[in-house]
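Single-structure report; data block below.
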């Protein structure tokens with residue numbers, strides 16, 4: 001059995017998957033903040049409960065926001081302060097007497113989608129998250145591609161390409177990102193960026209769901225905004241896809257629920273790619289809230 005943990009600032013979610021990658025059981029508990037010991041206990045107790053329930057010693061994978069293992073072997077996860085700065089992988093491996101694998105939550109999202117029954121035919125899968133921020137991950141032959149700093153797939157911190165300024169105007173503001181850089185695409189393509197663009201052009205403060213509702217009602221201003229956003233997304237993806245050249249692009253995050261993104265993006269991409277390049281198949285993420293657990297569990301699938 002494959003145990004997958006999706007750990008965040010508020011909850012620890014465990015999903016148990018069988019050899020056919022089907023969810024057999026899940027349980028959630030609040031994320032302990034009092035101490036590292038309490039955090040370790042919460043994870044180990046869930047593993048013990050799963051072992052007893054299924055009568056096997058399952059493999060353990062964990063998806064967590066941040067950098068799963070820094071140079072000195074410790075976790076960096078600002079949203080999980082009880083475990084941040086601690087050697088989480090080594091400590092859990094010792095306590096559970098098995099190989100515990102960690103990766104960041106965006107990589108786990110991409111891995112979950114790459115192992116979808118319909119998507120396993122694609123060797124190189126790119127996951128793109130358009131949510132509160134912009135991120136993602138890459139999966140090659142069923143395994144996540146993880147660089148030395150765990151920043152593979154941090155697409156949101158690529159800067160606006162020159163073609164974006166041609167589209168938006170050379171007086172378009174380069175916003176300062178939380179990472180300290182100017183013009184990161186996350187500030188324009190995330191859910192918050194979607195709303196900011198609307199406010200910038202129309203001087204109205206609306207959230208993304210409100211703008212999308214207007215678009216669905218046929219509002220001309222919302223329609224023009226969505227067209228501009230999709231053009232900007234295509235420009236930025238043109239650079240990324242030229243580097244990555246994936247077989248499949250899976251889009252997740254809150255904005256993936258807006259069908260225009262997956263249905264209208266493909267027709268815009270070719271003009272931003274090399275003439276010989278083929279645009280990837282584009283699909284909306286299939287596994288929703290279970291994706292984090294699935295991807296974490298599947299860190300052990302290619303053994």
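Including glycine, each Cβ sits where the backbone N, Cα and C put it.
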177, 179, 184 bind Zn(2+) per Swiss-Prot; candidate in 157, 200, 203 listed for that same site: 157
157, 179, 184 screened against residue 135 (ATP binding site), Cα within 10 Å - retained binding-site residues: 157
Candidates 8, 133, 137 (binding-site residues) - the one closest to residue 184 (Zn(2+) binding site) by CA: 133
Among 4, 8, 133, 135, 137 [binding-site residues], residue with fewest other Cβ within 10 Å: 8
Assigned element (helix, strand, coil) containing residue 135 (ATP binding site), judged by DSSP: strand
Position of peak Cβ density within 10 Å, selected from the binding-site residues 139, 179, 184: 139
Residue 177 (Zn(2+) binding site) to residue 133 (ATP binding site) - Cα separation in whole Å: 11
